[in-house]
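A.B. asks: I have a structure here, written as structure tokens, and I will follow up with some questions on it.
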Amino acid sequence: MYIENIEITNFRNIEKINTSFNKKYNIFYGKNAQGKTNFLEALSLTLNGMSHREKNTSNFIKNGEDFSLISAKVIKEDDIDTFIKCVIKDKRKYEINSSPIKSRTELLREYNLVMFTPEDLKIIKGYPADRRKFLNESISHIFPSYHSALRKYNKALKQRNAILRDYSKRNIASSLLEVYDETLYTIGSDIIKIRINVLKKIEKITNELNKEVSKDEEVRFFYSSNVLENAKDLKDIKSLYKKALKNSRNDDLMKGSTTIGVHHDDINIFLNDLDTKKFASQGQQRSISLCMKLSLIKLLHDKFDDYPIVLLDDVMSDLDKFRQKQILNLIKDTQSFITCVNYSFLEDIDDYKIYKIEKGNLMGGK
């Protein structure tokens, strides 16, 4: 899969860009705050259906304008042409081959994209929510139906929490809570199972990649859940989940929120049997988080027999020459978009295009 060309109008500080790309490496250089990250964000928003920075649609539109438009021609496996358009006004509207897209799940079924930014270090250093976000996004690309299930879970969770917070309805809360409990433990048990299965695959590939990039020893992941004890299959998980929700009800009513469930789960990450959050160096943390993201390349290729598009935002400057070379080798089969301040790391490759971004304008493409 690769983007043949793109047209961007009125997106953040970008007034107008219309350009084509190399099928392999595409390098975007320039000083800070010139629009390099904005450009990658436009790609991600269009093909991935979300920004890595924020959800506020109005902030995507260039100051003084009332709309933003991004359109691209994407070539999929077997040389199938697709045309995607994203129109941003009061909300975002998508079309693929002139047909409206009603949900992000539909978009995830069409396109696969892997993006790494400096903020992804939060996968290691951040909060449980950061690791859940990584896992949810990863699984949603591999299994788009997971994204729909997660939305249903979150909707039921929001409604259950609303009941818990409304003291005036406590007399009827029990019957209402049982309705939402069933949704939470049914969908939640499926979410736990698929998270654990995919996490095992990510762990295996991350280990392989990390040894290539940094020569470190074993990386291990442990899925942490306040629902699980000794569950062996989906039936066990579901019964444990149901029991845990029932047992936590009094606490939930006191606190006004659902205190157990997949929305509290976490991933514990270890390198050489040491907690990476506490004991790994900044370089080790960066390498592991990068390899976790890049593991999706293989997972997506294995699932769809097509390589995803890869976006690397300001990654190379924090890597030594050896790691730069290894990363470029790991993404050699994909179309990649790499932002940087300088491009000295290109000495080891020859199939690329270089663009300069200055004040939202794109120059070059040589």
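Note that the numbers count up from 1, one per residue, in the order the chain is shown.
Any Cβ shown, glycine's included, is placed from N, Cα and C.
Marked as domain 'RecF/RecN/SMC N-terminal' by TrEMBL: 2-351. What TrEMBL lists as ATP binding site is Gly30, Lys31, Asn32, Ala33, Gln34, Gly35, Lys36, Thr37.
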A.B. asks: With a radius of 8 angstroms around the mean position of the C-beta atoms of Gly30, Lys31, Asn32, Ala33, Gln34, Gly35, Lys36, Thr37, what other residues of the same chain does the ATP site pick up?
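C.D. replies: Sorted by sequence, the hits are Thr339, Ile357, Glu358.
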A.B. asks: Reduce the DSSP letter at Gly30 (ATP binding site) to three states and note it down.
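C.D. replies: Where Gly30 (ATP binding site) sits, the three-state DSSP reduction gives coil.
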A.B. asks: If you count Cβ atoms within 10 Å of the Cβ of Lys36 (ATP binding site), leaving out that atom itself, what do you get?
C.D. replies: 26
A.B. asks: In sequence order, what residues of the same chain, 6+ apart, have a Cβ less than 8 Å from the Cβ of Lys31 (ATP binding site)?
C.D. replies: Val341, Glu358
